[in-house]
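Engineer: According to TrEMBL, the feature active site, proton donor maps to 38. The feature substrate binding site is assigned by TrEMBL to 98. Positions annotated as domain 'NADP-dependent oxidoreductase' by TrEMBL: 7-271. Look at TrEMBL and you will find 67 tagged as site 'Lowers pKa of active site Tyr'.
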């Protein structure tokens, strides 16, 4: 799996996304991340098809990730086939459970209402994921937004250990406990919103504007984003970054053309306090959600 991935985020102009995919491939990107809930699979697929038709890349050279939405836990095979149809692909390189949550079919543009939450049968869902693997619809399966405890609960009955856990991770929320656990059991950690999720309801400039990041950007004559991405990849983690801007796409790849010293890596790892930005309070309630609070949702990993 390439360490740096092209992220598509939520809905945007389809042509803009397709054009950005082709641009990214020309620059050297090979990992493309999407999800059914984003509404971007078709646009990503169109861009990939255009690039392959032009001879810029072949399917085996690509690594494509999509995710099971929380309203499709009862039909995992149907969900992955829908994603493949949207993407115009025969298989996914990686298919993830998007979140440890099950909801009714609802409006993707809104957060779940109180009546939308349903009991989660994680064992049954993971069996569906394993079936995707067995049928060749996905080359690898994993999860997203799982705490250590939720990974441990899943692994008690899993025949196949998740290959990946994609989570919020950046210098202000470094996920040390989760990273240590995943490393011990062979699960690859991939960061979403590694630059702080600007533009999202919970997004914050506290990541890019962190004084340590700013100091190192000045020292290395790099952008704060490049410093952060280099820290992530140096530590053996993956990163998914959303940008459709050709200059920023190129700059993100340029994070590989320098190295951070161990002393400067340690400076980043000394950043305090540590705090999760996306606590997802809207997924918690005292009546229908399996999680009464963010504390329960993240099992204390806040």
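The backbone N, Cα and C atoms fix where each Cβ goes, and this holds for glycine too.
Just so you know, TrEMBL annotations never went through curation; they're auto-generated.
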Engineer: List every residue in the same chain as residue 67 (site 'Lowers pKa of active site Tyr'), at least 6 positions away in sequence, whose Cβ is under 8 Å from its Cβ.
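Structural biologist: Once residues fewer than 6 apart are set aside, residue 67 (site 'Lowers pKa of active site Tyr') is near 34, 35, 36, 37, 95, 96, 97, 98, 144.
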Engineer: 10 Å Cβ neighbour count around residue 98 (substrate binding site)?
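Structural biologist: Excluding its own Cβ, the number within 10 Å is 19.
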Engineer: Would you count the other CB atoms within 10 A of the CB of residue 38 (active site, proton donor), including those on all shown protein chains?
Structural biologist: 23
Engineer: Which value does the mean pLDDT take for the domain 'NADP-dependent oxidoreductase' (7-271) in this predicted structure?
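Structural biologist: 94, rounded to a whole number.
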